[in-house]
Amino acid sequence: MEEPRCLQANCFFRGKEHSIQLSVSQAVLEVEVEERRSTKRWRGHFDAASVEDLTRKTGNFKQFGIFCSMLEAALMKSSEAVSLELLTYGDLEALRCCKVGVATRVPPSTSPLSSKRYLILVYCVEFDRIHYPLPLPYIGEADMAALRRLVQEQQDELAQLRDELRRAQQEVWRLEDERLRDKAWHQQEQRRMTKELTEVKAAEKMLRAHVKTLTAELAVCRKGRSTSATAPGCPQDRRRSNSRDSRSSSQGRLPPRSPSPAGSRPPRFNPTAFVRSREQRRQEAELRRQKLPRGTVSSGDNCRRRGRRSSSAESLQSRRSAQSSGSEADTCPQRRRGLGGPSTRSPLSASSCNSTSVASHPNRGCKQHGKENLGTEPSATLSEIDARLQALQAYISTLGTHM
């Protein structure tokens, strides 16, 4: 079931204010017009058939729904194509007579037609103007008691609206105060956070400066560590130069043998010196076979065999055997000097050499001298080899004189 549509608006006709009320429900149109000052009222009911018949008589047919929409648009003044006029029966007759061209007839005041009002819906098109009249019978003035009740209701409603307005104003004032308090609090928080941000920026600046200082100090420390790491290389260079000088100056003389300092680094293996010492040992062995008697040579061979067997257990001893042979040559003159008395160098004898170097345990002596010479430089090894060669030459010359 369709709900009724109600619409009310105030309009001025001939300088007087009128209240127009429309109600549309179930294909029935109800129109009521009331004059505000005199409280006179006119009301009319129109069904869909009567409305469509009215529009057909005017020559411009409109359906009921379209006609109601046009009436609402004219009442709300939402369209310039439609408008409203309120005429009496005399005004309507005057317009008809003017259109036809005859004299106007004025109805008597006692006629019921004179009390009617006609609500005219004027529809303006481009080259035409159509009038749709709606007759509204007079229903009399409003009841005073009803008017009083209506006024009282309106006054109560007005008081209620004023009370609501007062509460709304109070709510607005409360919200305004709350907004101001929130604004003040936010401003205070903003100032505090701005101050904290300034302090944090200052602290960050100080920390950045501190980081730069620490970075510079770290760079200085690293540079100092690198220079200190490269500084010990100078004594090594000096030792190398000194070893070269001592090697050049050791030709033809036997330098005193000094024990290696404790904790020194073991010498680096020199393959050239090792090959030279091996060749020298081979030549010395050949010379000994030629000059020494058979018993002495056989004992020397046994000593060398035992030395090779002891050195074959460890590859490092073969490299140190050249150094130990030179140390044996040094020990023989020292013992000979201690037994002979004077410190002058005397030629080696076969008995003394056999008693010291051949009859003694050569492997034990080689191991001990090898341990002493672990920290010596290649220059000391070469000087010992030279001394050993000189001792062998002296020994060979001694053997030649005995034979």
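Heads up, the Cβ atoms here are built off N, Cα and C, so glycines get one too.
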Quick test of your reading of Swiss-Prot: among 4-38, 109-143, 144-178, where does it put coiled coil?
144-178
Treating G and I as helix alongside H, and B as strand alongside E, what does DSSP give for the compositional bias 'Basic and acidic residues' (276-289) in helix, strand and coil?
14 helix, 0 strand, 0 coil
With helix taken as DSSP H, G or I, strand as E or B and everything else coil, how many residues of the region 'Head domain' (1-142) land in each class?
39 helix, 62 strand, 41 coil
